[in-house]
Amino acid sequence: MVNNRYNQNTTDEEACAGPDSGQNTTVKVGEFNWDQNTQGIILGSFFYGYICTQIIGGKMAEIIGGKRMFGFGVLCTAVLTMLTPLAARAGLGYFIALRIVEGIGEGVTFPAMHAMWGQWAPIWERSKLAGFSYAGAQLGTVIAMPICGILADSDFLGGWPSVFYVFGVLGCVWFVAWMLLVHDTPAKHPRISKVERDYIEKSIGVKEKMPTPWLAILTSPAVWATSAAHFANNWGFYTMLTCLPTYMKDVLKFDIKSDGFVSALPYLVCWMSMNISCNLADFIRSRGFLSTLNTRRVINSFGLLAPAILMSCIGLVGCNYVVVVVMLTFAVGLGGFCMGGYNVNHLDLAPNFSGTLMGITNMIATIPGFLGPYVVGVLTNNQETRGQWQKVFYISAGVYVAGTVIFVLFARGTEQSWNKPSGGLSFRNNRNVSYSVLEGDNTANGAIVNR
């Protein structure tokens, strides 16, 4: 799509020779002459729209249900994805405008998912259930990146435009299945068994309709701690998501097909990390090895500090491709452990307002989506060198460390007072439900205790 040789300025000492440098290869020249700074603005433009609908999406999902908010958000993105080649060829301004609108549609999705899990996830299973669904985004990236490389390098539907056509159509097909199969709450599901419905509803309690305590939320140190960790993790993740293929191609000199497969490896590790961390978190909490707060602290710290260490060391290994790829893979992939940390902490703090909380923290954590690529563009514009990229990695490591410290100091693992209806029962009061409910015992026997 992009002519990456346009105004590129590297030297043999600053860039790697490439694993295939001794072979004769055919290089496709991209259609658009956009320098690194312009590419950074384009990649970040999606997040200008994405940030606008976070809180709105979460609140609307709590009011009308997450099914429609999530479904139509994805449908909007899918349709606009199919229009991307047309917009890009019409002009840079049209392309950026389309990506902003695309972000507006997509911005409701994660808060809507959190609102739905507030209705579906039993207390001792919330980490693994939420983690499993969010990990699907990483699995999608693992599958999509190699396919994108193959499609872009082919002549199918014009090459690179086929990437947008194929995935746009798939998104529309998915929307139909989603609307037919998914339901907002257990009570609305026509095929759920009574035993399963009783188990879920007794565990999470009855959701009360109450006004949103905006002042309490916005002045809560626990909410800001979750926001800081969310921001830190997204800084590294979004920077790598949007810029890793460029680094692979222009610095490590991988061809476009190899680039697609290698660039997908970090997200495969991230998918595995998410599922491991969430199952581990629920196991630790349910067995009483650690409190919910300390479980979140330990798992979240590993998910932020391990990538920080690896990113800081990438520059030390030079052009050793195997080692660099392994380090990048785990630097991005181990960030998935944060799913068992801050990413489900919204449900610990306020199940009644989990969609709103996710909207707030994800809005703050969206800033790296446009700021990260911009910083990369400024640092590497016409200077695609290992030295300039190492600055990018050092900045990411510093942000990771800052997010870790703030979360450890100010995070909380218990339901906050402002989540409770005034004069009513705590959301937590109905949660001492044992897993024996699934075996047909509908009594709350207190075998599981809150921590």
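Numbering starts at 1 and runs along the chain as displayed.
Using the three backbone atoms N, Cα and C, a Cβ is placed for every residue, glycine included.
Taken from TrEMBL, the feature compositional bias 'Polar residues' applies to 1-10.
Residues annotated as region 'Disordered' in TrEMBL: 1-22.
What TrEMBL records for 1-415 is domain 'Major facilitator superfamily (MFS) profile'.
Within the chain, the transmembrane segment (69-88) has long-range Cβ neighbours (under 8 A, six or more residues past its boundaries) at 1, 32, 57, 60-61, 94-95, 97-99, 101-102, 104-109, 111-113, 115-116, 158, 160-161, 164-165, 167-172, 174-175, 178-179, 182. As annotated by TrEMBL, transmembrane segment applies to 69-88 (among others).
Residues or ranges marked as transmembrane segment in TrEMBL: 94-117 (among others). For the transmembrane segment (94-117), same-chain residues at least 6 beyond its ends with a Cβ under 8 Å from one of its own Cβ atoms are 41-42, 45-58, 60-62, 65-67, 69-70, 72-77, 80-81, 83-84, 87-88, 126, 129-130, 133-134, 184, 346-347, 354-359, 362, 366.
Beyond the ends of the transmembrane segment (129-152), by six or more residues, the same chain brings 1, 110, 113-114, 117, 120-121, 159-160, 162-163, 166-167, 241, 245, 256-261, 263-264, 267-268, 270-271, 274-275, 277-279, 336, 339-340, 343-344, 347 to within a C-beta distance below 8 angstroms of the stretch. If you look up TrEMBL, you'll see 129-152 (among others) marked as transmembrane segment.
Annotation source TrEMBL lists transmembrane segment at 164-182 (among others).
Listed as Cβ neighbours of the transmembrane segment (264-284) (distance under 8 Å, sequence separation of 6 or more from its ends, same chain) are residues 124-132, 134-135, 138-139, 141-146, 237, 240, 244, 290, 295-296, 299, 303, 325, 328-341, 344. Annotated transmembrane segment per TrEMBL: 264-284 (among others), in sequence order.
Among residues of the same chain six or more beyond the transmembrane segment (304-337), those with a C-beta under 8 A of the stretch's C-beta atoms are 16-17, 19, 135, 138, 229, 232-233, 236-237, 240, 244, 252, 262, 265-274, 276-277, 386-387, 390, 393-394, 396-398, 400-401, 403-404, 407. According to TrEMBL, the feature transmembrane segment maps to 304-337 (among others).
Annotated transmembrane segment per TrEMBL: 357-380 (among others), in sequence order.
According to TrEMBL, the transmembrane segment annotation covers 392-411 (among others).
Listed by sequence, the residues of this chain that lie at least six past the ends of the transmembrane segment (357-380) yet keep a Cβ under 8 A from its Cβ atoms are 36-41, 43-48, 50-51, 54-59, 107, 110-111, 113-115, 217-218, 223, 226-227, 230-231, 233-235, 237-239, 242-243, 342, 346, 349-350, 388-389, 391-392, 395, 399. Within its own chain, the transmembrane segment (392-411) has Cβ neighbours under 8 Å at 221-222, 224-226, 228-233, 235-236, 239, 243, 293, 296-297, 300-301, 304-305, 307-309, 311-312, 314-315, 331, 341-342, 345, 368, 375-376, 379-380, counting only residues six or more beyond its boundaries.
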